[in-house]
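Structure record follows, encoded as C-alpha cells.
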C-alpha cells in the first residue's frame with residue numbers, strides 16, 4: 001500500500017515588485033498548487049490596482065485564496081489573518097495539496113511559519129477615533145514610548161498597525177511585543193526568497209503601469225465611496241494619489257513620490273527577510289528562476305517526504 005505524503009508548505013517571499021506573483025503562478029501551475037496570499041492589503045475588497053492584486057485573468061489560471069476577505073472599513077488584524085489562513089492550509093493539505101504562500105508582508109508570513117500568536121482583542125472604535133484625532137505622528141511617538149520594540153518595527157506612516165498596537169496596550173495594559181508568542185506548525189516548510197538588483201527599475205516600471213491602468217481613477221472612486229479619511233487610503237501609493245487629487249502633488253511629482261516611498265518600503269522588507277537565515281534566495285533576473293525554484297522544491301519534497 002502506497003504511503004501517504006506528509007503535509008508541507010512552500011513560502012515565496014521577498015520585497016515588493018520583485019516578481020513574486022508571476023513566478024508563483026508559474027510554480028503553482030507546475031505543481032498543481034493553490035496560491036495563498038500573504039499581503040496585508042490584498043485582504044481588502046476594492047483595493048486592486050495600487051496593491052498589485054492579481055488580476056481576474058491571473059486568478060483564473062490558478063486558485064487564489066486569502067484575498068478580498070473584508071470591507072475596507074473593517075479592521076483586519078494579523079490574528080484575523082492567522083484565523084483564516086491556518087485552517088485553510090490544513091484543509092488544502094488534507095486534500096493532498098502543497099499550498100504556496102506568497103507575499104511580502106513579513107508579519108503575516110511569520111504568523112504562519114513561526115506560529116506567532118497574537119492577542120485576541122476586539123477593535124475599539126471609540127478608542128481608535130480618539131487616537132486618530134491625535135494624528136499619526138503623535139500616535140507613533142506615543143507607541144515609541146509605550147512599546148519601543150513595536151514602534152521600531154512599525155513604520156512611522158503605518159496608521160493601521162500603529163493604532164492596533166496602541167489599542168492592544170490601552171485595552172489590555174500589556175505591550176503587543178510582550179503578548180506575542182510562537183507555536184510553530186508541525187509540518188515542514190520551505191521558504192524561497194525572490195530579490196533583484198534591478199528592483200528600483202522594476203518599481204519604476206510597475207508604478208507607471210499602475211498609473212496607466214487607472215490607479216488615480218481607482219483612488220478617486222474609493223474616496224467617493226468610503227471617504228478620503230479611510231485609513232487604508234493613507235497606505236503606500238494611495239497616500240500619494242490622494243495628495244495628487246487634493247492638489248499637493250503635481251502630475252510629474254506623483255510617480256516620483258510613489259517610487260521613492262516604495263523603495264523605502266522595499267528596503268524595510270529586505271531587512272526583514274534577509275534576517276531569516278532559513279530563506280533560500282533566487283535572483284529575479286535569472287532566466288532559470290523557475291527551474292531554480294522547482295529544483296529547491298523537488299529537493300525539499302524528497303528530503304521531507306511531502
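Even glycines carry a Cβ here, placed using N, Cα and C.
Residue 15 (ATP binding site) falls within neither a helix nor a strand when secondary structure is assigned with DSSP, and so counts as coil. Long-range Cβ proximity for residue 15 (ATP binding site), meaning a same-chain Cβ under 8 A and a gap of 6 or more residues, is found for 104, 195, 199, 265, 266, 267, 269, 270, 273. Taken from Swiss-Prot, the feature ATP binding site applies to 14, 15, 16, 17, 18, 19, 20, 21.
Sequence-distant neighbours of residue 19 (ATP binding site) (same chain, 6+ apart, CB under 8 A from its CB) are 194, 196, 202, 284. Per Swiss-Prot, substrate binding site is recorded for 16, 17, 18, 19, 20, 21, and the stated evidence type is sequence analysis.
According to Swiss-Prot, the region 'Interaction with substrate tRNA' annotation covers 39-42. Over the region 'Interaction with substrate tRNA' (39-42), the average per-residue pLDDT in this prediction is 98.
A coil conformation is recorded for residue 105 (site 'Interaction with substrate tRNA') in the three-state DSSP classification, outside any helix or strand. Under the heading site 'Interaction with substrate tRNA', Swiss-Prot lists 105.
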Integer Å distance between the CA atoms belonging to residue 105 (site 'Interaction with substrate tRNA') and residue 17 (ATP binding site): 13
Distance [Cα-Cα, Å, rounded] between residue 20 (ATP binding site) and residue 105 (site 'Interaction with substrate tRNA'): 12
Cβ-centroid neighbourhood (8 Å) of the ATP site, 14, 15, 16, 17, 18, 19, 20, 21 excluded: 104, 194, 195, 196, 202, 284
Close in space, distant in sequence - residue 16 (ATP binding site), Cβ under 8 Å, 6 or more apart: 52, 104, 203, 262, 265, 266, 269
